[in-house]
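Chemist: This is the structure I have questions about; it appears just below.
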Amino acid sequence: MTNSNRIKLTWISFLSYALTGALVIVTGMVMGNIADYFNLPVSSMSNTFTFLNAGILISIFLNAWLMEIVPLKTQLRFGFLLMVLAVAGLMFSHSLALFSTAMFILGVVSGITMSIGTFLITQMYEGRQRGSRLLFTDSFFSMAGMIFPMIAAFLLARSIEWYWVYACIGLVYVAIFILTFGCEFPALGKHAPKTDAPVEKEKWGIGVLFLSVAALCYILGQLGFISWVPEYAKGLGMSLNDAGTLVSNFWMSYMVGMWAFSFILRFFDLQRILTVLAGLAAILMYVFNTGTPAHMAWSILALGFFSSAIYTTIITLGSQQTKVPSPKLVNFVLTCGTIGTMLTFVVTGPIVEHSGPQAALLTANGLYAVVFVMCFLLGFVSRHRQHNTLTSH
């Protein structure tokens with residue numbers, strides 16, 4: 001593979017994460033305006049965004065098999081067509097059914113693109129370099145999560161219709177579409193070059209189960225925590241502005257942490273540092289949940305920084321459980337994480353209703369403790385060390 005081709009594929013991976021981050025995180029900014037547009041209360045409007053999450057989940061799950069049937073370049077180009085149709089649907093429709101359909105299509109497109117982006121990184125880079133590259137790729141999710149809400153605020157403050165926010169997000173996919181030209185993608189399944197040697201099917205092993213549970217619990221814990229921090233902070237007498245600043249600080253620190261760990265991870269065994277980070281994150285979340293408002297700002301900054309590398313390292317270790325990176329395995333771990341996203345309000349909503357926001361934060365803390373236990377147990381069964389040794393010879 002030529003260096004320029006590798007750079008193009010790497011940028012497609014970066015932008016695939018930026019696309020998903022923009023779509024998921026911008027929701028809170030535009031929900032009120034969309035509710036006004038359809039003359040609906042915000043509470044019933046929020047349910048339609050489940051179609052976005054459902055699209056992401058279904059496409060990540062199915063793409064484990066689709067990748068071996070439909071070439072990656074074809075998928076990305078077809079995704080561009082779907083993106084144009086979805087944004088056009090948002091712009092020219094006043095029907096809630098069509099809005100929900102467009103949201104589902106956007107979810108499908110971003111899920112397919114993100115799973116391709118993840119697979120490209122696991123295919124092109126080996127060992128510890130794979131971990132640091134995946135981490136840097138994941139930082140584009142957070143970066144888009146910071147940039148696009150600012151773009152949305154700028155447009156909405158000038159009374160520009162909400163659907164132009166999605167048109168701006170569509171520009172990310174225009175860049176991906178342009179990068180597919182003159183770019184060679186890895187061939188999979190029936191499109192892969194034929195070899196005389198029989199294809200050896202590798203068993204995944206119990207380590208994949210530990211990593212999948214860790215991925216689900218981590219995302220469910222993280223989103224369950226950050227979704228209820230503002231309500232919890234307001235209950236302690238903080239202003240809405242200060243409560244919002246806590247969330248912003250978390251994501252800012254999370255992004256800085258990703259950049260720092262994309263360098264730091266190269267010097268450590270991934271399973272060991274993952275266990276340390278998961279334990280630290282569980283302790284820091286407990287400090288936040290039981291501390292005074294005066295210490296909240298510092299503890300959430302520390303939590304954002306030290307938890308930033310956990311999810312990506314889980315995916316990296318998953319990809320290293322087999323000798324050759326398996327798209328089905330990587331997508332399975334990703335799917336478990338996405339299920340965590342889907343369950344966020346299903347799990348935390350009733351807890352808050354019965355016991356208040358702090359109970360939801362303590363539940364999230366318990367989930368982080370489960371992540372620590374899974375990472376610790378992984379140390380006894382993980383195959384990443386033997387596969388790293390093989391690839392380094």
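For all residues, glycine too, the Cβ spot is worked out from N, Cα and C.
Per Swiss-Prot, the feature transmembrane segment maps to 11-31, 51-71, 78-98, 101-121, 134-154, 162-182, 206-226, 245-265, 273-293, 297-317, 332-352, 361-381.
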Chemist: Is it true that the transmembrane segment (162-182) and the transmembrane segment (134-154) have 3 or more Cβ pairs under 8 Å, skipping pairs fewer than 6 apart in sequence?
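Modeler: Contact between the transmembrane segment (134-154) and the transmembrane segment (162-182): present, because at least 3 Cβ pairs are under 8 Å.
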Chemist: Could you pull out which residues elsewhere in the chain have a CB under 8 Å from any CB of the transmembrane segment (101-121), counting only those six or more residues past its ends?
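Modeler: Those are 9-10, 12-17, 19-20, 23, 48-49, 51-60, 63-64, 66-67, 72, 75-76, 79, 82-83, 85-87, 89-90, 93, 130, 133-134, 137, 166, 173, 176, 185-186, 315, 325, 327, 330-331, 334, 338, in sequence order.
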Chemist: So which of 11-31, 78-98, 134-154, 297-317, 361-381 is most in touch with the transmembrane segment (245-265), counting Cβ pairs under 8 Å?
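Modeler: Top-ranked stretch among 11-31, 78-98, 134-154, 297-317, 361-381: 297-317.
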Chemist: Using Cβ atoms only, state whether the transmembrane segment (51-71) and the transmembrane segment (361-381) have three or more pairs under 8 Å that are 6 or more apart in sequence.
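Modeler: Contact between the transmembrane segment (51-71) and the transmembrane segment (361-381): absent.
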Chemist: Would you kindly list the residues that approach the transmembrane segment (78-98) from elsewhere in its chain, counting only those six or more residues past its ends and only Cβ-Cβ distances under 8 Å?
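Modeler: For the transmembrane segment (78-98), the sequence-distant neighbours (Cβ-Cβ under 8 Å, at least 6 residues beyond its ends) are 38, 40, 48, 105-106, 108-109, 112-113, 163, 166-167, 170, 173-174, 176-177.
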